[in-house]
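Features as listed in Swiss-Prot:
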type: ACT_SITE; residues: GLU144; note: active site
type: ACT_SITE; residues: GLU153; note: active site
type: DOMAIN; residues: 14-345; note: domain 'SAM-dependent MTase PRMT-type 1'
type: DOMAIN; residues: 358-684; note: domain 'SAM-dependent MTase PRMT-type 2'
type: MOD_RES; residues: ARG32; note: omega-N-methylarginine
Amino acid sequence: MKVFCGRANPTTGSLEWLEEDEHYDYHQEIARSSYADMLHDKDRNIKYYQGIRAAVSRVKDRGQKALVLDIGTGTGLLSMMAVTAGADFCYAIEVFKPMAEAAVKIVERNGFSDKIKVINKHSTEVTVGPDGDLPCRANILITELFDTELIGEGALPSYEHAHKHLVQEDCEAVPHRATVYAQLVESRRMWSWNKLFPVRVRTSLGEQVIVPPSELERCPGAPSVCDIQLNQVSPADFTVLSDVLPMFSVDFSKQVSSSAACHSRQFVPLASGQAQVVLSWWDIEMDPEGKIKCTMAPFWAQTDPQELQWRDHWMQCVYFLPQEEPVVQGSPRCLVAHHDDYCVWYSLQRTSPDENDSAYQVRPVCDCQAHLLWNRPRFGEINDQDRTDHYAQALRTVLLPGSVCLCVSDGSLLSMLAHHLGAEQVFTVESSVASYRLMKRIFKVNHLEDKISVINKRPELLTAADLEGKKVSLLLGEPFFTTSLLPWHNLYFWYVRTSVDQHLAPGAVVMPQAASLHAVIVEFRDLWRIRSPCGDCEGFDVHIMDDMIKHSLDFRESREAEPHPLWEYPCRSLSKPQEILTFDFQQPIPQQPMQSKGTMELTRPGKSHGAVLWMEYQLTPDSTISTGLINPAEDKGDCCWNPHCKQAVYFLSTTLDLRVPLNGPRSVSYVVEFHPLTGDITMEFRLADTLS
């Protein structure tokens with residue numbers, strides 16, 4: 001059965017109705033899931049297996065039958081571990097129907113159908129009794145309900161319900177306990193992801209400073225956690241202000257509460273500085289004695305950094321304090337972790353708070369609109385003074401006396417740069433009400449509300465009256481649009497340039513004047529694992545899961561790239577970067593598709609995991625901004641990526657085939673095509689068999 005789905009096209013800006021298979025969402029969720037990453041997490045799998053064996057043994061030693069409840073079973077892996085360890089029966093709960101169906105097949109293939117019952121329900125809907133899903137309460141509770149924040153996937157309510165209704169009072173739990181850790185730091189880099197810094201512009205009249213409105217400075221920021229691969233943040237980017245502090249623990253073998261709570265830890269600052277950011281992670285102990293431990297600690301907090309396990313399904317958290325506060329070395333302070341049923345947040349206090357008073361402190365929520373419009377990488381991009389200087393220098397070369405500028409980018413400061421650098425009149429278009437209001441406030445606090453005209457409408461709908469009857473001599477864009485997911489989605493600027501053609505003066509300048517799509521073939525240190533088949537996991541056959549992921553990838557995404565912030569995922573270039581397509585913004589969009597075919601020679605040995613693609617914008621003939629590679633690769637090929645942008649990764653089909661040898665074909669062929677009508681860029685990269 002086919003269904004019609006309405007989707008906003010991020011490149012053309014139009015609303016499209018697409019005919020999709022009724023199971024499209026299922027396939028998309030499977031294709032973009034972390035199931036493969038979890039199966040490749042050997043440390044996790046081994047520790048769970050050890051903990052399960054120990055729990056089953058403790059129950060058997062008491063002379064009891066081992067009845068297991070496995071919540072969030074996924075592939076059924078942990079249930080199969082339990083049965084192999086000697087459990088008498090296992091009830092495996094999985095709410096996602098396609099996953100539950102796969103678990104049934106995997107359990108059957110491994111010969112455990114007589115000992116494992118897969119139940120396709122949310123655990124809070126599971127019943128116990130003669131006519132229930134379980135005949136009696138279980139005495140072993142196994143779960144994998146955790147996300148990077150520990151409780152963000154609803155672990156606390158699920159545990160709370162399970163203890164009340166599904167498991168015995170003295171049950172064994174795997175994991176047995178979780179502990180959340182925090183470390184207070186000062187970090188201009190990370191703080192720049194949360195606050196708008198003053199922006200400096202050198203002009204003929206001296207330095208001008210663009211300042212943020214007071215409501216932006218007071219705003220506590222976005223409520224969602226910032227989860228990143230903290231091991232990729234250089235220690236030079238932050239100053240440690242506290243030891244690693246154990247903030248709170250949850251004992252999963254006892255009744256768990258999902259009620260709001262707070263936990264305070266007094267500490268003595270290791271250094272004086274501005275307390276801005278809390279780095280946080282957790283570990284889980286699989287047994288009551290804490291001998292079997294799985295930790296998410298970054299390398300500097302590991303007892304043995306050499307044994308660091310890479311994983312993408314669990315990372316580390318960055319929390320921003322509502323406001324930065326000075327701390328003095330040796331002067332005690334109190335860090336407080338607050339949580340409700342799904343979220344964690346932090347505050348810094350002078351004394352230990354009364355538990356009851358702070359338990360219900362309201363979770364920080366953005367009230368300035370900026371954190372709803374700009375994500376954290378975008379804040380970092382706007383705060384990048386070198387980037388601002390680059391745009392300012394380019395503007396100086398194209399601005400002329402009497403220039404009438406039209407700026408088209410979401411929530412951009414370009415219009416203010418243009419004004420300060422001498423434009424006679426500046427218009428800026430903000431499509432959303434939120435960005436319109438935000439920019440009005442920023443202009444007002446900088447006394448520019450009468451200098452820059454803000455137009456709240458889609459740029460395609462601009463009229464001569466909106467521009468006060470004037471013709472535009474300089475069309476500006478970064479370009480940046482909040483709807484863009486992949487690098488080339490910002491080609492929406494080209495569509496806007498085409499639609500406003502009648503408002504441009506003869507000889508009008510467009511900045512950027514052109515864009516180009518670039519690619520390089522890479523070998524990832526670890527990211528390949530999220531798309532690599534597992535086959536066998538701790539002795540269990542999970543090929544069915546591999547096939548399921550491959551089918552979902554083939555369903556829609558086999559020829560699509562996916563966005564990843566590659567500064568978090570180290571890789572080596574195996575080829576030289578190559579320009580694939582160019583787009584001339586000085587001209588309207590052509591009617592016919594643009595295609596590029598070619599071959600990329602592999603100049604370094606390694607496993608070709610995929611092609612990385614990014615956009616470069618030629619602001620002027622002598623000035624270019626890259627959203628991808630920002631430095632030439634070093635001798636070994638190590639890549640340095642723009643930290644404010646996501647790059648596009650096209651995983652080669654060989655990433656899904658472990659049989660391809662390391663030193664296989666020495667070139668990659670490609671076909672890339674831009675379709676002006678839809679704004680789509682279709683592509684195919686494949687290893688060329690140069691050996692035959």
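The backbone N, Cα and C atoms fix where each Cβ goes, and this holds for glycine too.
Comparing GLU144 (active site) with GLU153 (active site), their Cα atoms are 10 Å apart once rounded. All protein chains considered, the CB of GLU144 (active site) has 20 other CB atoms within 10 Å. Contacts of GLU153 (active site) defined by a Cβ separation under 8 A and a same-chain sequence distance of 6+ are given as LEU145, PHE146, ASP147, in order along the sequence.
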